[in-house]
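Asks: Take a look at what TrEMBL says about it:
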SIGNAL    1-26  signal peptide
SITE      64  site 'Transition state stabilizer'
BINDING   162  substrate binding site
BINDING   192  heme b binding site
BINDING   193, 244, 252  Ca(2+) 2 binding site
């Protein structure tokens, strides 16, 4: 950030901003539950492991819940709240956000050991980390101490979450709005190395891309043919396929190799390499050739994302049931 030397007020604002950011970070600690619920990490890990054994896709679903929570109202567990005006029924989550029953199971297990202590927001953060680790990805120390929000924000979900149909500038802007940078855009998009997507999220690339009457030229031809068979124009758009072709359930850097080979499934994935932004293209190339770099950067970006506007101290509450505000 460039400022004139004489800009005292600007410097003051910058210093205050840094102090506030540091204060928030300092309120989240890795040992927040060391005395009040010392086995919380083991309990969450055990429940996530059980869920993934039943359905491997659940790892991606739990990771996505944390993402969709943090981008709206900050990491406050608001995505878990029931109600017709809740975030669950926003367009980016409707019929796609999943894993709520697994979170219920985790919460029940945690409550049985330490009632009223561990927030739903923290459970999401831990479960996201464990989902990555149990899929073969990196680990990191999760900062804890978030409290739960008391209101959902359906409008915020509709407007604030990056869209699979969005332009690269729109996606970058939505990350920037919550304090995440270009590197975070690319590294966190790498979470699509696991999980599935519905035809409705990419079928526009197969038949009449941008009104051309032809498929998206940045999608490899064999992949187009395969996906046309899965998602014919007469389909309801609900069939699903893997986000990371040829590396379905393993958290690795293969996703970035796919982008280089024009095999990104979602438009929002492929534009990281083919969208004309040299910085995102260079990051894709770096992560593709250096998995350790991707893992380290991804872990750092997840920590940053987990620090988006957490409720701490006396703000919010510790919900007994992640679906409803305490009565």
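A Cβ is built for glycine as well, from the same backbone N, Cα and C atoms used for every other residue.
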Asks: For the C-alpha pair, I'd like the distance in angstrom between residue 162 (substrate binding site) and the residue listed as 'heme b binding site', rounded off.
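Replies: Residue 162 (substrate binding site) to the residue listed as 'heme b binding site', Cα-Cα distance: 14 Å.
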Asks: Write out, in the order they occur in the sequence, the residues of the chain not among 193, 244, 252 that have a C-beta within 8 Å of the mean position of the C-beta atoms of the recorded Ca(2+) 2 site.
Replies: 190, 192, 194, 247, 250, 251, 253, 254, 255
Asks: When you measure from the Cβ of residue 252 (Ca(2+) 2 binding site), which residues in the chain that are at least 6 apart have a Cβ under 8 Å away?
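Replies: Non-local contacts for residue 252 (Ca(2+) 2 binding site): 136, 137, 193, 291.
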Asks: Measuring Cα to Cα, how many angstrom lie between residue 192 (heme b binding site) and residue 244 (Ca(2+) 2 binding site)?
Replies: 7
Asks: Do me a favour and check the Cα-Cα span between residue 244 (Ca(2+) 2 binding site) and residue 64 (site 'Transition state stabilizer'); whole Å is fine.
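Replies: A Cα-Cα distance of 15 Å.
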Asks: Take the Cβ of residue 244 (Ca(2+) 2 binding site) and count every other Cβ within 10 Å, whichever protein chain it belongs to.
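Replies: Taking every protein chain into account, the count is 27.
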